[in-house]
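Remarks on the structure that follows.
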Amino acid sequence: MIDQEKWSTILEEYEHLDVAPVTEPQRQYYFIKKCQQYVKQESEELGRPLYCKIVTFGCQMNARDSEKLTGILEEIGYEMIDQEEKADFVIYNTCTVRENANQRVYGRLGQLNRVKRKNTHMLIGLCGCMMQEPHVVEKLKKSYRFVDLIFGTHNIYKFAEVLATRFESGRMVIDIWKDTDRIVEDLPSDRKYSFKSGVNIMFGCNNFCSYCIVPYVRGRERSRNPKDIIREVERLVSDGVKEVMLLGQNVNSYGKTLEDPMTFAELLREIEKVDGLERLRFMTSHPKDLSDDLIAVMKDSSKICHHLHLPVQSGSTRILKKMNRRYTKEQYLELVEKIRKAVPDISLTTDIIVGFPQETEEDFQETLDVVRKVRFDSAFTFIYSKRTGTPASVMEGQVPQEVVKDRFDRLLKEVQAIAAKECARFESTVRTALVEEVNDQDPSLVTGRLDNNLLVHFPGTKEMIGALVPVRLLTCKGFYYIGEAVEK
Ligand code: 5AD
Ligand code: SF4
């Protein structure tokens, strides 16, 4: 879905350059052209196109990064496919927020090695947050020599250059930066959906929650220039996008590092003015930075979706302090009240960690209390995972696994029971759904996303994909609805 014509015109002038330009993104245009030649040559030798598969782990940020890689890969000449074992190039875009994500990558790499032994020209690339951890790269260098290229989160824009180096050297290429203050604009990017897209508004995080590895692997907070963001939204809309999700680890602190500082609420007001944009979402919000102005913008806006993902992490003020979250249980509850007063039908979702060091049964009861008081529409629940290098990893009083598991099960039960009841509160109302796909199990149905992020299945056809359709929500099935389209 990338604009081939536009890019071939842009890239054309880089074809006959002898040396790589020093400025970005021009330098990458030069390397994309170089890679095109290598791919073309190999594809001619094989008598077929070269195939690539990207496997994305983790959050929306990674999903967006994978779209950027896809844009570059398609420009280089790869065809994207679903089956990993048939691919000539497999990329794992990794996550390291919790240890089990790392273990999955090592496990899958072992399997991939067996495929590569049969298919020796296969390339394996690794990128994403896990690669920003020095001990991971050491392990890969030592025990996973069959990996061809390793690059990090800060220099993802350099992907074509790293790949060209691999083609030229025939050796494992490792290019990881510790941090960056750089944001490179204007590179190709693909979109998974034609009608909705993520848009990065900022990178990195300065919060240093004591359990979290993100600030170490995604670096310091830096905001994109508002002009660049608005230009991207305008382009997306002119290309058929109706819904935009603004992405950042902590969108509420957007703009603080800009030369002309700007708040997130101000940015939303500007983006909202883009004609043709129908829906605007954002994530993730840190409760400590959520301003009254933002609540006012959400209240007044006809485009901002009535959904807020507001990670609470714990309900115990004592634990929140140890987590370095910088709000108390009471402040969180007050904030929820304020938001609900301004936007009564808002859907609230959250993230909760159980088993943080020194968490007692009383602390856990405080978390359950918050869950019961707020009545989240859904919650992602996580077992605390010790991340090397974070302050929490060396705290005394790590909670035994069986205690954590028991709390986790109790929490999940509570969260699910409440979510199912809350979901039903919209039953028999009419809400607008953005149709995303034909239902997998029943092709007479389509699946649409409501502005509160819930899904509704209703009779429809594939021609409706990408359309905003008013739907009566007939029955709630716990986490989704069955509905019917109504005349506008
Ligand atoms: N252990 C468990 N969960 C974590 N998260 C972040 N770090 C950890 C960790 N070390 C969760 C938080 C965050 C979400 C993206 O992942 O709840 O909001
Ligand atoms: Fe991690 Fe906290 Fe930053 Fe979120 S706000 S990415 S939990 S450090």
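Even glycines carry a Cβ here, placed using N, Cα and C.
If you look up TrEMBL, you'll see 50-168 marked as domain 'MTTase N-terminal'. Sequence annotations record features per position, and here TrEMBL assigns [4Fe-4S] cluster 1 binding site to CYS59, CYS95, CYS129. According to TrEMBL, the domain 'Radical SAM core' annotation covers 191-421. The [4Fe-4S] cluster 2 binding site annotation in TrEMBL covers CYS205, CYS209, CYS212. Taken from TrEMBL, the feature domain 'TRAM' covers 424-487.
Residue counts for the domain 'TRAM' (424-487) under DSSP (helix as H, G, I; strand as E, B; rest coil) come to 6 helix, 35 strand, 23 coil. Here the binding-site residues are CYS129, CYS209; the one with the fewest Cβ atoms within 10 Å of its Cβ is CYS209. With respect to ligand 2, the binding-site residues CYS59, CYS129, CYS205, CYS209, CYS212 contribute CYS205, CYS209, CYS212 as residues with a C-beta closer than 6 angstroms to one of its atoms, given in sequence order. Take the CB of CYS212 ([4Fe-4S] cluster 2 binding site) and look out to 10 A: across all protein chains shown you find 21 other CB atoms. Long-range Cβ proximity for CYS59 ([4Fe-4S] cluster 1 binding site), meaning a same-chain Cβ under 8 A and a gap of 6 or more residues, is found for CYS95, VAL97.
DSSP labels the residues of the domain 'MTTase N-terminal' (50-168) in these numbers: 67 helix, 23 strand, 29 coil.
In sequence order, CYS212, VAL214, PRO215, ARG218, GLU221, GLN249, ASN250 are the residues near CYS205 ([4Fe-4S] cluster 2 binding site), counting only same-chain partners six or more apart with C-beta under 8 A. Listed binding-site residues: CYS95, CYS129, CYS212. Those with a CB atom under 6 Å from ligand 1: CYS212.
The CA atom of CYS129 ([4Fe-4S] cluster 1 binding site) is located 17 Å away from the CA atom of CYS209 ([4Fe-4S] cluster 2 binding site).
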